[in-house]
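Enquirer: Structure provided below as structure tokens; questions to follow.
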Amino acid sequence: MKISNKDFPLLFAFTFIISIHRISSAIDTITTIHTLSDGETMVSSDGTFELGFFSPGNPNNRYVGIWYKRIKVMTVVWVANREVPLTNTSGLLKVINPGLLVLQNDTNGVIIWSSNTSRPVKTPVAKLLASGNLVVKDANDDDPENFLWESFNCPTDTLLPGMKFGWNFKTGHEVYLSSWKSKDDPASGDFTYHFDPTGYPQRVLKRGSYVTFKSGPWISGTRNLRKNPFYKYKVVLNKNEAYFTYELHNKSIISRVTLSESGVSQRLTWVDTTQGWVVSITSATDNCGIYRLCGAYGSCSVASSPVCVCLDRFLPKDPDGWNRTNWSRGCVRRTPLNCTNGDAFLKYSGIKLPDTRYSRFNESMTLEECKVECLKNCSCMAYTNLNISTGGSGCLLWFEELVNIRKLSQDGQDIYIRMASSEQGKLQHKHTGDHNDENHNESIELPLFDMHAIAKATDNFSISNKLGEGGISSAIDTITTIHTLSDGETMVSSDGTFELGFFSPGNSNNRYMGIWYKRIKVMTVVWVANREVPLTNTSGLLKVINPGLLVLQNDTNGVIIWSSNTSRPLKTTVAKLLATGNLVVKDANDDDPENFLWESFSCPTDTLLPGMKFGWNFKTGHEVYLSSWKSKDDPASGDFTYHFDPTGYPQRVLKRDRFLPKDPDVWNRANWSSGCVRRTPLNCTNGDAFLKYSGIKLPDTRYSRFNESMTLEECKVVCLKNCSCMAYTNLNISTGGSGCLLCFEELINIKKLSQDGQDIYIRMASSEQELKGRKREILEVSLSLLTGMVLLGLSLMLYLRKRKKSNHRQRIRGRLQYKHTGDQNDENHNESIELPLFDMNAIAKATDNFSISNKLGEGGFGPVYKGVLEEGQEIAVKRLSRTSHQGLVEFKNEVNCIAKLQHRNLVKLLGCCIHGEEKMLIYEYMPNRSLDLILFDLMGSALLDWPKRFHIINGIARGLMYLHQDSRLRVIHRDLKASNILLDFDMNPKISDFGMARIFGGNETEANTSRVVGTYGYMSPEYAMDGLFSVKSDVFSFGVLVLEIVSGKRNRGFSHRDHHHNLLGHAWMLYREGRSLELVDAYLGISDYLSEVLRSIHVGLLCIQQCPKDCGIYPCTVIELQILNSIPGQQLVMITFMNRDLQFLCFQPSSLL
């Protein structure tokens, strides 16, 4: 039918409507009514992702998965039923109540996969989000916190932007990657990739349970995690979560992180122009990525040969093994540690930090405090800054031998390693020195034995004392025309390193003739004879036949399935396995390699051994190259080959200031394949010039020429004459520079190196060089004029600022001058406090101008805010409220007390700020806040298992011991309670709030006050009634705290249906009736800790027996860890003093009940 012109608009409109209908018909959601069958798909709202049924290899197996819709090469990023495939097309994906997504075989109704969490919601749906996340949720609730289930929580082999890669400590759930079994089978493979939060977080690659790679601290040596224009990353560490995530800056870029079937993690970016994935980051970089390659204290450097060296002042633990390139046993200190007589720390620079599994960290410590902390603990082997991105902050400590150390040429870090103090005086060379360095002068400190003593000790080397003898005895290394080698027999090289025989690789039943390392338990094959034609039984026979051929024969039928490919008549032909691993056919009496008839080194498989010639013999036209195995079970030639290319000069994206991207739009989408072009085009007729680029790995030399005798200047002249010559350089830089190398095409495969780079001179338009010269002249003149003016201005400014700041600090320090005796009215003890003063503007900026969102809480002193200083340090700011009943006296009191105290279980005061009437104290920030917020919270208390609670009790005890006995000033806190115990990231307790504290002199033990301050429920009887306070007042408060920690209940406000006692009375009653365990928090599992729990309750009751007349009967002040492990079986008697209003009980010890 002919269509007239007037019908075209109608036809176009109809086609357009049909296309619109097709687009709009794509769904991203299924409900309890609408299901998804095989052949149907869901598409995300932006059209990026698609979900449906697919077959990766075997067409009979069907899986539900998510892939990129716009990419023609199907790239699956998630699979639901990876372990249980459907064997037909009857799959049905649907949502069922109560909020479950299930995959059902519609033929028999069997559910083969389902989402693993559900709860009743009004309208459950499953939706494919634009992020690629498949979620089950309520239709009217888009809050991610309320999702019932999401695929981002159970990935397969792909990490997409927005995924949280790591741990949720609340649920105990880990998000990690697991490889496919093969490219045709998405079932879980051998490899998994984790974000390990043990110690300080790091990425870990495992094969089964065996660790193959550890990244070390995620902040160390991670060049790939620098800020870049393509993606941003974030690491979150808190009490609830520890994870890594990333987001793309440009949403049009398609990029993902995957774990391949072979165990390589890599970032892949899609390039539209080439219609392929480009690897931008990979874990398969070099040998130094192998976990524990160099053992303990061995440093790995790809720039060294060998790659493993001992750190300076360390020696190989097994010198013989080390010299045989077995570095796994690592190194030991040249001088052993002696912690009791004092150790020291030596600085090693340019290091990628070691494995952090056995480490601890603190984000607020300085480097000096870190050193002090490490020095105190004999198990602490090293320390360093936690974060070097802002000049250095925080503390990272190691408590085991250091493994996975790597020497970096850039992005390295300083680490301070524990050494014997005597090593500090033995500085002969740099700390990062190489134990194997040729110029390493060191005398060997080894005991020398007398020959007569040794002869006497061995009974003059008698036969009866002989233990054995080294060397190879009965093992053969040669076969002849008479002697053959059958399956089950082997040849062994003269030094015992290599072995030749028959083997079956992996799961294969086929038999091959090969060579492997004899002394390595894990069979490592380095050469295979019949790689293309395997034997199918054990009837193989290796023999030498005339004229000079080595053959592998099937002895069942006499068929030769492999032979050496050269021969000539010889007198006595033999095949010998040399100590190098080379299998040679030769005359028995001729060991000259030039006369060998054949050698395996001339036809390798996938391995290059020392001594092999990798390349070309131009006389014979023979090339020696490597070819991969087809698979780990099949040594036949695989897809990959590795060559030494002699074209041009033999060889195994330059973007600089004078080059611009050829295609800027594509370049910004991370597709760099089109490269760069000169900013100013060449003009050979009007003259070009050459600009020097340094630190370069020279480009591809396929289109190059070279001359070994030219000088560099002659090289330049030759290149300048030829308009096709794009660059020149020295041919050989090993002797200061000689020879000439010319490049005649565009320069590709250029790499910028931090070390071992070379200079290259690239042809540019002459105007570029003139511009460079003019700019330099202008810059030099400008800088000369500006420098003088700036220096003069800066000097004046600094002087005025320093003078103003000095006056301001003098005024503030005058206001803070304080008397430190027990009575504040005492005279003669004025003492100025040396404490850092913070600027008001810096504190306001750190707290976002004291915003409500930064407010942590409020006490009697005033509100407390969280802040972050410009250098990244987190702080807590305690701001004195104008309406507070505590004033300048308490402010000075707290400053004076805590500024003079330093202990791991006391909160650290960083400084103070006084601005007009504003008074603030700046503390280290405690991420887990105060103990009461967790202990007395229904959900929070479940996170405090008994070991954590016991750790907290001991920490508080250590802090009190320091305040009462170990510090140079005796301090009574007077307000010890759960809300004044702060918890750091590791749940270490720190006593805080010293506003009510009193400082005593060395001989003072108690005092009296008319102003009773503190918190009811924690005050001792003598203090609450008479105002008498001493160290025993704090001990009483500690006893209350112990019982609260054990029970999870507050003393004040406690009630019980069977009696009217407070918590202390309840604890006493249970103790008297032998039912103390009923006091324990119901959430705790204590079956393994019964003795610790009972002793803790006992100590709590002992410490609250603080009646003035009986207080000396039991030394309750001794509440350190030792008392918790050695309390005598002492009984307690209740004294008849009880006051419900004051909430305390008083006890006295007795040997009788």
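Glycine too: its Cβ is placed from the backbone N, Cα and C atoms.
So TrEMBL lists the following for this protein:
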DOMAIN    27-149  domain 'Bulb-type lectin'
DOMAIN    339-420  domain 'Apple'
DOMAIN    476-598  domain 'Bulb-type lectin'
DOMAIN    684-765  domain 'Apple'
TRANSMEM  781-800  transmembrane segment
REGION    810-829  region 'Disordered'
COMPBIAS  820-829  compositional bias 'Basic and acidic residues'
DOMAIN    850-1153  domain 'Protein kinase'
Enquirer: With helix taken as DSSP H, G or I, strand as E or B and everything else coil, how many residues of the domain 'Bulb-type lectin' (476-598) land in each class?
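Expert: Helix, strand, coil within the domain 'Bulb-type lectin' (476-598): 3 helix, 55 strand, 65 coil.
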Enquirer: If you average pLDDT over the domain 'Bulb-type lectin' (27-149), what do you get?
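Expert: A mean pLDDT of 92 is what the model gives the domain 'Bulb-type lectin' (27-149).
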Enquirer: Taking DSSP states H, G and I as helix and E and B as strand, how many residues of the domain 'Apple' (339-420) are helix, strand and coil?
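Expert: Split by secondary structure, the domain 'Apple' (339-420) comes out as 13 helix, 34 strand, 35 coil.
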Enquirer: For the domain 'Apple' (684-765), what does DSSP give as the number of helix, strand and coil residues?
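Expert: The domain 'Apple' (684-765) comes out at 13 helix, 33 strand, 36 coil.
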